[in-house]
Amino acid sequence: MREIVHIQAGQCGNQIGSKFWEVISEEHGIDPSGVYQGKLSTQLERSYVYFNEASSGKYVPRAVLLDLEPGTMDSVRSGPYGSLFRPDNYVFGQSGAGNNWAKGHYTEGAELVDTVLDVIRKECEGCECIQGFQMTHSLGGGTGAGMGTLLISKYREEYPDRIMTTFSVMPSPKVSDTVVEPYNATLSIHQLVENTDETFCIDNEALYDISLRTLKLPNPTYGDLNHLVSATMSGVTTCLRFPGQLNADLRKLAVNMVPFPRLHFFMPGFAPLTSRGSQDYRMHSVSDLTQQLFDAKNMMTACDPRHGRYLTVAAVFRGKMSMKEVDEQMFSIQNKMSPYFVEWIPNNVKTAVCDIPPTGLEMSATFIGNSTAIQEIFKRISEQFTAMFRRKAFLHWYTGEGMDEMEFTEAESNMNDLVSEYQQYQEARSTDSDEYDNEEYYNQQEE
């Protein structure tokens, strides 16, 4: 048994998280009250990864919901799937973190963290052999960013050999809630670089662009954005939840995707993109899906993969299709886009196929890319951080909670190091003995 315990922290984390549970409950044939209504044996075969079967026969998510204010919890609890979660697993404070990372990490969050760890411990005790944790949170606020990263460092101490995955929503200038987002995000990334094994970077800006450009939604709501995120999360976790051939657990995914321990920030993508409530009216072929997967417009992260190179890629196809066709299409796209893959990692594209399509679609595909272009996000946040930090703007909110300026300086330099590491591997060619090949490659490029 390889269970995963899911934690959702803060307002954003809880909204994305509860949407994720709606989607996967539906895929596994579990209704909002936790009763199995499905018809396929494969739906339950590996449902234990995310669901615990209670003595009453109900399926209960292995999820812990936390926030520093009661508001979000109330809306999850009163939502359609509110009664699905175990009532003891709602953990909330009263004061809120007020978008202040220091409050989430050092003061308010630190007071609540032991309670949360107890709840998580209980969840882990109900597992036979836990493979790891996944967390949904945003990096721009106080609770998800500050308290979320505090929890991650606590797990690292308590479960050092378990995989830690996060779905982290990056702040973006176009969709900004607060002026201190660059501070909160930089401090969070400083933690994530050291303490997580896999981080899926989800970017509100990219989600907005997809909603406006591709889905033609005139004014997208957070509900529309969360729909896109949940489709991607469902796709990324397909291999873990259904019998499939490859990347059947978090550790295998990490081994295939992370060539250097610090470079574990992935760009997710999804095809075909559909808006909420509209079923897909077009027939899709495997070649369509493959084309869309590698299209910059389908990335959930606001950076252009054509500005960098892929270190590794994993693609998960769902639906009735032949493995042979999938392999051929993936092979041809690799050849077509060979300059965008580093040549010093051979066979750096992994493909998995799962027979069960997502609800409402005939077939779909999910993309996970470890591309050096992700440095664009970090650069963007770093520039905004430096502009404010140079003037020491808003710093008193953080020092007032007991933080030191030194911590800001460290976080800033760690993020800049991360950017230069990505840049270094982007420019790296095969060893010098391959000079001849490189010349040939450049000549082709010039032609």
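Cβ atoms here come from the backbone N, Cα and C positions, even for glycine.
So that you can see what the record holds, here are the features copied from Swiss-Prot:
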type     : residues                                     : note
BINDING  : Q11, E69, S138, G142, T143, G144, N204, N226 : GTP binding site
BINDING  : E69                                          : Mg(2+) binding site
COMPBIAS : 433-447                                      : compositional bias 'Acidic residues'
REGION   : 424-447                                      : region 'Disordered'
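Under the three-state DSSP scheme, T143 (GTP binding site) falls in the helix class. Summarising the environment of N226 (GTP binding site), the number of other Cβ atoms within 10 Å of its Cβ, over all protein chains shown, is 22. Same-chain residues at least 6 positions away in sequence with a Cβ under 8 Å from that of G144 (GTP binding site) are, in sequence order, A9, G10, Q11, C12, G13, G104, H137, S138, V169. All chains included, 25 other C-beta atoms sit within 10 angstroms of the C-beta of N204 (GTP binding site). S138 (GTP binding site) falls within a strand when secondary structure is assigned with DSSP. In the three-state DSSP scheme, E69 (GTP binding site) is classed as coil. Maximum C-alpha to C-alpha distance over the listed GTP-binding residues Q11, E69, S138, G142, T143, G144, N204, N226 is 23 Å. Cβ-based crowding with a 10 Å cutoff singles out T143 as the top-ranked of the binding-site residues Q11, S138, T143. Most Cβ neighbours within 10 Å, among the binding-site residues E69, G142: G142 holds that distinction in the structure as shown.
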